[in-house]
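*Asks:* So TrEMBL says this about it:
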- 8: heme b binding site (BINDING)
- 9, 55, 58, 63: Ca(2+) binding site (BINDING)
- 15-40: disulfide bond (DISULFID)
- 1-133: domain 'Plant heme peroxidase family profile' (DOMAIN)
């Protein structure tokens, strides 16, 4: 899962997904939180759809910069920053931050493994994970 989370090195997230992290969590760099608060007001639904890059350094490049962000407490999502927060994944995050080839190899293996997971007969692959597909 730590390798797959590296996909957050590209793309953006809506304010509604990271608001609680930038306003309530302690495991975030204060200057980074202040930067993100400028476009994400505390009171929902104001700014809910405003976007911020998942990777503040290289949001349009697939690389290992995401892990470097975590080392300095600049993970945009709570679920990202918990990967480097004094827990069991800290060492792996440090390795991925220091070794882009290791991250790339582990990411590829994890994607193949995830791709081999079968879909249950009573399930569906959702176009938007928050909603059931229209029939």
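If you go along the chain as it appears here, the first residue is 1 and each next one adds 1.
Heads up, the Cβ atoms here are built off N, Cα and C, so glycines get one too.
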*Asks:* Could you tally the C-beta atoms, other than its own, that fall within 10 angstroms of the C-beta of the residue listed as 'heme b binding site'?
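*Replies:* The residue listed as 'heme b binding site': 22 neighbouring Cβ atoms within 10 Å.
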*Asks:* Can you check how the pLDDT averages out over the domain 'Plant heme peroxidase family profile' (1-133)?
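*Replies:* For the domain 'Plant heme peroxidase family profile' (1-133), the model's average pLDDT rounds to 92.
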*Asks:* Looking only at C-alpha atoms, tell me how far residue 40 (disulfide bond) is from residue 8 (heme b binding site), rounded to the nearest Å.
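*Replies:* Cα to Cα, residue 40 (disulfide bond) and residue 8 (heme b binding site) are separated by 19 Å.
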*Asks:* How big is the gap, in Å, between the Cα of residue 15 (disulfide bond) and that of residue 63 (Ca(2+) binding site), rounded to a whole number?
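*Replies:* Between the alpha carbons of residue 15 (disulfide bond) and residue 63 (Ca(2+) binding site) there are 23 Å.
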*Asks:* Quick one, of the binding-site residues 9, 58, which Cβ has the fewest other Cβ within 10 Å?
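*Replies:* Counting other Cβ atoms within 10 Å of each of the binding-site residues 9, 58 gives the minimum at 58.
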*Asks:* Which one is it: of the binding-site residues 55, 63, which Cβ has the fewest other Cβ atoms within 10 Å in this structure?
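*Replies:* Across 55, 63, these binding-site residues, the one with fewest Cβ atoms within 10 Å is 63.
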